[in-house]
Structures are given as C-alpha cells and as structure tokens.
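These come from TrEMBL:
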- 42-56: compositional bias 'Polar residues' (COMPBIAS)
- 79-585: domain 'Amino acid permease/ SLC12A' (DOMAIN)
- 594-719: domain 'SLC12A transporter C-terminal' (DOMAIN)
- 742-966: domain 'SLC12A transporter C-terminal' (DOMAIN)
- 28-66: region 'Disordered' (REGION)
- 74-95: transmembrane segment (TRANSMEM)
- 107-133: transmembrane segment (TRANSMEM)
- 153-177: transmembrane segment (TRANSMEM)
- 198-219: transmembrane segment (TRANSMEM)
- 225-244: transmembrane segment (TRANSMEM)
- 278-296: transmembrane segment (TRANSMEM)
- 316-336: transmembrane segment (TRANSMEM)
- 392-412: transmembrane segment (TRANSMEM)
- 445-462: transmembrane segment (TRANSMEM)
- 469-491: transmembrane segment (TRANSMEM)
- 511-539: transmembrane segment (TRANSMEM)
Amino acid sequence: RMELRRPSFYSTIDLVPQLEHYVSTLPRQQARSRPSLEALPNPTSDSGVSSLPATDSENEESQDPVRGKAPVRFGWVTGVMVRCMLNIWGVILFLRLSWITSQAGILLTWVIILMSVTVTSVTALSISAIATNGRVTSGGAYFMISRSLGPEIGGPIGMVFSFANALACALNTVGFAEVVRDLLQEFGIVMVDSINDVRIVGVITVTVLLLISLAGMEWESKTQILFFIVIIVSFSNYLVGTFLPPSPEKKAQGIFGYRSEIFLENLKPNWRGAGNDFFQMFAIFFPSAIGILSGANISGDLKDPASAIPKGTLMAIFTTAVSYLVISATVASCVVRDASGNVSDILTGNSTDGCVGLACSLGWNFTECIQSQSCEYGLANNLKVLGQVSGFYYLITAGVFAASLSSALGFLVSAPKVFQCLCRDKIYPYIGFFAKGYGKNDEPLRAYVLCYVIAVAFILIAKLNTIAALISNFFLCSYSLINFSCFHASITNSPGWRPSFHYYSKWMALFGAVISVVLMFLFTWWAALITFCIIFFLFGYVNYNKPKVNWGSSVQAGTYNMALSYSVSLSGVEDHVKNFRPQCLVLTGPPNQRPALVDFVGCFTKHISLMICGDIVTVSHSDATGGLVKWMNKRKVRSFYTPFTADSLRVGARNLLQASGLGKLKPNTLVLGFKANWKESSAESIEDYINTIYDTFDSNYCLCILRMMDGLDISDQFDFEGLNLDQLECSLCALTDDVSDKSNSDQIKTVFQNDQGKKTIDVYWIADDGGMRIIEITPPLMEDFKKSLTLLVPYLLTRRKHWRSCKVRVFIVGDEQNMEEGRDEMMALLKRFRLDFNDVIVMTDSEKRPQAKNLSRFVDSVAPFRLLDELQEGLSVQGLRQSAPWKITDKEFEAFKLKSERKVRLNEIIRRNSQHTALVLVSLPVPHSDCPSALYMAWLDALTCGLHCPAVLIRGNQQNVLTFYCQ
C-alpha cells in the first residue's frame, strides 16, 4: 500500500492521483488523506500526511478470519437477469394471461404487453443511467431516487416502494394459494371454504418464504435457481403440448390445436363482465411487468451493480416480453373462447343448424352453454388453459408454483432491503429500529418480519384482482419518479452527471415519467389519488423537517441553475419603485452574538428580500462559518453569512458595501447596532463608527441603527468593536461553536420573537437637514413621502404574525394652527399609498426648549470630548483639531447648540409618547461634514436614550421606495 503512494515530480509529499483519495464520497467510508495546502509549501514537514486507515471498501470484499466467509455477491446473470425474469414470470402469466387474451383479443393483448414493455424498458434505461453514475450501494430504487432527487422525493418513494413490494409478495402468494386450493378441490379436499382456504394456504406459504429469507441470501439464491429451472421446464412442456394432436377430451374443453380460424376469431376483443375494458385488462396485466427492479433492489449484494443492473435488467425485459407475446398468441390460436367440457357435445352429422360459436365449424356444438353463459371451459372461462394445452398438466402446475413462489420470495427480499436503507438514512422517525442488519450480508431481519406482517394482512383479502390494481399504482408512481430522476439529472447539466451507460434519452425518460402518471389515473383513478396524497403527505413531512443529509442531488443542481439564470435575467431589468425591497447588509459580527439584530432584520426581510450577515474579522481565528450558518438555519433566519477580514471596522464595512451581493441581489440598506459604550470607547473607534455611516451614504445605501435597552451583544464584553474579536478571540470562538450546536429550544429568545399583541409601532417621521425644522404639510411632501423608507419598514413588520395586531402611529412636526389640516392631509396620503396606519399625531411642542436636567445630561456626555479654545503647551487649537478631529471645539459646540437642543427635546417627546410601545422608529439625522464625530454620536445617543423598547434610527437614500401610481 505504501508503494502506491508515489510522490509526483513536483514535490516529495505531493502525491500522484489515487483512488483512495476519493473514497470519502461513498457512504460510511473514510478516505486516505492528501497533504494539506499548508503542508505543501513546507516539504520538510510531514504534518500534512496522516496515517493510512484501511477503508471499508477494501475490507468489504476481503475475508475476515474472525467473522468467517466474505459476503455473498452475485453477478449480472444470477443476481439481476434471473431474479428479474422470475419476478416478471409471476402468477399473471399462468393464471391471467389467457383470460386477458380472451377479453382483449390477440392484437390488444399484444398492445398491452408492448405498452408495458415500453414503460418498463424506458424505466430500465433510466435505471441503467442512474446506476452507472457512480457507485450504487444497498437500497436499490430508493437509493437511486433519493440520491438523484434528494430526501424530499426519495423518502416518500422509498416508503411507498417498500410497501408496494410487500403487496407484490402478497399478490403472488395469493396466486399460489388459489392454485393449491383448486388442486385440493380436484381431490375433494376443502378445509373451510373457497376464500378461507386461500387465506390459510397463503399465510402458511409466506411463513415458509420468510424462513427461507431469514436463512440468508445464499439460500434464497439457490432456491431461486431451482424455481427458474422448473419454470423453463414448464414452458417447454407448454410449447410441446400446443403441437400435440388434441384428444376428444381436450376438444370438449375447447382445445383444437393450431387453427387459423381460431386465431382470426381471437384477434378481436370480446369484452365480458361489468367494467372489463382495455384499461382494466392493462391494470390487471401490468403487475406482471413490475419485477424489473428486483435486481436493482439488492444492489448491495451485487459484485458490480453498475455493470450488472443495465445488462441483467434489459436482458430480462427482452426475454420475458418475447415469452408473453408467444404464449398469448399460441394459446389464442389453439383454444376457443367457450366450451362445455362435455364430450357428448360433438356434432354427429354435417348439419350445423342452430349451432352458435366458432366450435360449430370444428365439429362441436357448445350452443347450450354459450346461450346460458354456463360454459366452464374455453379461453374466457377456465384459468387453467395453459395446463390443459400442455403435454403434461402437472408440470404447468409446478410452473405456477415456481413462478408465484419465486416472485413472492423476490419481493419479500426486496422490500426489507429497500426499507432498511430508508431507515438508515433517518428521514422518518420511529423506523430506525428496522435499520439493524445481521450476519455477513447485513440481513435486515427485523424488516423481514415487518414485510411479512404486511403481506399477511393483504393475503387475508384473498382477491387477486383487487391487490393487482393497488400494486399497479404504487409501482407506476415509482417508475415515474425514476424516469423523472434521470430526466432531471440530465436537464440540469450538472458536471456530476456522467453515467457510463449512454443509451438513454432525457426526453424518453420524461415520456416514461408522464406516461406512468397517465396510466395511474387510467387504471384506477381513486387509487392514483390516494397514492399521490400519501406521497405529498410524506413529502411535506420531509420538507418541513429538513433532514441533515447532503447527497448532491439534481434538485440542488437545478436550484443553482435557476438561481443563476434568474440572477442574470434580473441584471438586464431596470429597477422599479413598485419592486423596491430593503435588501440588508447587517453588520452582526458572529450572528449568534447579536441575535436581536438578526431577528429584527429577519422580521421584515424573511421571504421578502435579501439579508446578508456581515462579520468583519480583524484578528485571525478558527473558521466557524459552518457552525454559524447552522445556527441561523436552526433559528429559521433566511440570511447569508459573509465573514470579511479587514484591519478595521470602517475598511471592512466599506469593502462589504462595495462587494456584497450579486447583480440585482445586492444590498441597498446597511443595518448597524448602536454603539452603546461610545463614552468609554477610544476616540479612534468612535471616528471609525461615524465614518462608516459617512461611507454608507456615500455608497448610496439606506441606513438603520438598532438600539436595545440592554444592548445587542449577548457576550460579557459588549462592544461594537466586538466585531473584530479583539478581547474575545478565544471565548468567542468557543461560544460560537457551543451556540451553533444547540437546538432551537436552547437558543436565546429576543423581543422580536415574541408576540407583540396590540402594542403600537411609533414612527417619528422627521425631515432632517442636520437639525430639525418644522414641516408644513404641502404638496412637495408627497415626493418626500415616496422616498420614505421610514414608513415602509413598519408596514413590512405588520405583515408578520407576531406584529400583525400592532397599530402604527405616525408622528410629524407641525404648528398648532395648522394641526388638523396637516393631520387630514397626511391621513389622505397614507390611504393613497394603501398603508393601513391608524393614526397621525402632529407634534406642536417641538420648538420648546428641553428641560434643564436633560440638557445638562447631554452637555456632561460630550464634556470628555470638548476641546477648549486656549493654547496648550504652545499648540494652537487648530493644531489640536487636526490631531484629534473627533474633538468638539467651543465654536463648534455653540454653532450646533440649537440642533443639539432639538435632539434632546425630541427625545423628551418620544419618551412621553412611546415609553412602552413595541418599537420606535426615528428619522436618522444625516451627519454634516463639519460636525465632529463625538458630537454626532452624542446626538444619536440623545435621540434614543431612556426608552424601554427597541429604537431604530432609520434613513433612506433619497430614492423612491413607495408610489401610488400603477406603472
């Protein structure tokens, strides 16, 4: 093994391509490691190459001295072809084919056979393509569908397909029991009555088959070979019998040997009985063709499934199709439809007056039984015609036994194998008990017992035609999804779809999928509806629970193609105000550290618009992207997570503003957390924070700043700079991993996840030019309104279940004289924009001076950032101003004094009106270039301090987000 690990000529540790490096793509197997990218630049280091564990793929074929012999593996003949042929040659061939031919005639019977062969052949081609697109393990059809279309489709079809195989076992067992009952009645033996005798024999038979299955695949395979030999002998016996001259007893039973007039008479259909028509015959016959998956269902027991499944399945379909066509044509060429079985009905003279039926021209008069509809013999009345035609009757009986028992045994083995694979995938709850395997072949003994119980339940129905109609729908549904799997994998153009079997067509696969669905409804429409209801129910369950599996399905490839196509298509479409959505870039840092910020944005973006959680990392640490994405998925947050390494918050935010998104799926709104500890932070961090706001508006982004009473960060050290993990590097990484692994119930709940009841959402819509001015409600206001993100966000919030009962109040600035007029005009505007806001309040006291204690608190908050107008150690104020631009000079403080007082006064109004509301939204003042950073930070603090509810400072980018026009 070490000799195979040859280095390439690039490096001594850079290995040549090897199969063992790719084993990890197989279930439950471990790959041999390659040297890492970190190790390749350092040839002297051997840390990049780990030890060489033996893979499961090497061990599974080797002989283990402890466990004994290696598992039994089959080739394409015994493992697939013979098995498929035995399952196709079931009870329908011996017990129903002659009757179907008498009803539909030779031509329509051939049409039925060829249509069935068409469906099964197309499905076989699809199976061959899927089976050769990589290694197929155990699970058969379920494994192929689930790995192609994903667990949402694979799970339901696996459940239905397993159930259908159990029903097919019951079908063939009932067929065997009917023959045994009739044989006993010939000898005058009746246990209870006609129906209960079938039930008793059926239960005993399936019990014996269960014991054979429990003995292991080796015994089961030997039994199947024995059945195959018996069937071949019985076929030969039948064909020889068709050439033997019929005796008078056989002629009385309607058997006359090959006659052209019989052949021509039986070409045409002769429907008898209520409800018997072409599709009814098709529904009864089709289960005879369902055995094509028998080889694929034991794919885990095949030596080379990729080679065995295509060859064996297609060869079995061809051989059995020829046998069905030959038998239907030969039996309908030798036997008339009606006969009495009475030797005395032979015509003694040449007169045929009053004689009815084809037999009159052959010297027999079956008129009496034909007119009274009491004929017991003939193609249309006797189900044992093949035995009567054959050379030796009881060899056909042995063939019936072999065909029915081999099919029943095959389905009894297939169902547990498929169900075991389904159970191991843990897609559905409470079925993991049946996943356990025993012995060298990993036999699903528990699943065998479950299949046995299901089969016994349906054997008690004891009605062959009823069971056949049910099975047809289940298998057709499976065939439809298999064909669709092949079509979907082909149409998505995934680079991973590379089947080595090339003789398939995606359009033929689509045709097979469609025709299978059509046939389901034509056969038994109510059974088709029930089947689809079951599939949709199981699909909904899997889709809701989102199992933790990733099989690289074609659905994922199709989703990628659709997303890429739509994204490119959107790039060529100009933006329209009616389709405006707040697409948010949220600077959350690690999202699990600021769940309130994540939940707030998720409230108005989920299922509506784009959300990207940006994490600006300034200190290298272990990559926790996977854990954070899992955390968001568990929290049901529809967001992308984008970490970005940068030297500072501003640099990282500026790069994210420019590079985030794809085409039209690009953020237009930046969401920040409020820097609650700004008073204790360094001046550089304040400058960084404010400059990020400048950059946001320079990039033509909207801006939202969320402030919570207790802060946003759930870590011990709350700091907006926590985004760079400066002081929390080790503890934050540990907390990230810990929180991401917790379940939903362990995640921290925020106020945005609670039902808000009938609280209010208060919107303080303030037109701000750096300060605050009184707004007259005039026509130009309509244009400002159209640009208002401040009103769009609360509207989107009220569409959510937790916020639906909240009422929105809009506060505007006005004077007392025009208060009523202003309110009425604003209400009219709100109605024109179809915003169901309940109240408009005009603030007429905003011009008053703030209270002295509040103003004093504001002055104290900026005192540490004041720059006195006097020389300090020979430096001028101008020099200090350049070295510390965030400082506030006395001149600047006086220049912005009025605006500062406005902010403090507005905060007083907000605290008076909105102390206990669900949410407060306030128009964010745009920072002026000549306004010091510390002073602007103090304004933001003054606007939102003292509130017991979340507060949002929000500002649009001066572009329309609302309109009342329809174009």
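A Cβ is built for glycine as well, from the same backbone N, Cα and C atoms used for every other residue.
Automated prediction, rather than curation, is the source of TrEMBL annotations.
With respect to Cβ pairs under 8 Å, the transmembrane segment (107-133) is most closely packed against 278-296, considering the stretches 153-177, 225-244, 278-296, 469-491. Using a cut-off of 8 Å between Cβ atoms, the transmembrane segment (74-95) and the transmembrane segment (225-244) share at least three residue pairs, counting only pairs 6 or more apart in sequence. Counted over residue pairs 6 or more apart, the CB atoms of the transmembrane segment (225-244) and the transmembrane segment (153-177) come under 8 Å in fewer than three pairs, which marks the two as apart. The residues of the domain 'SLC12A transporter C-terminal' (594-719), classed with DSSP into helix (H, G, I), strand (E, B) and coil, number 48 helix, 26 strand, 52 coil.
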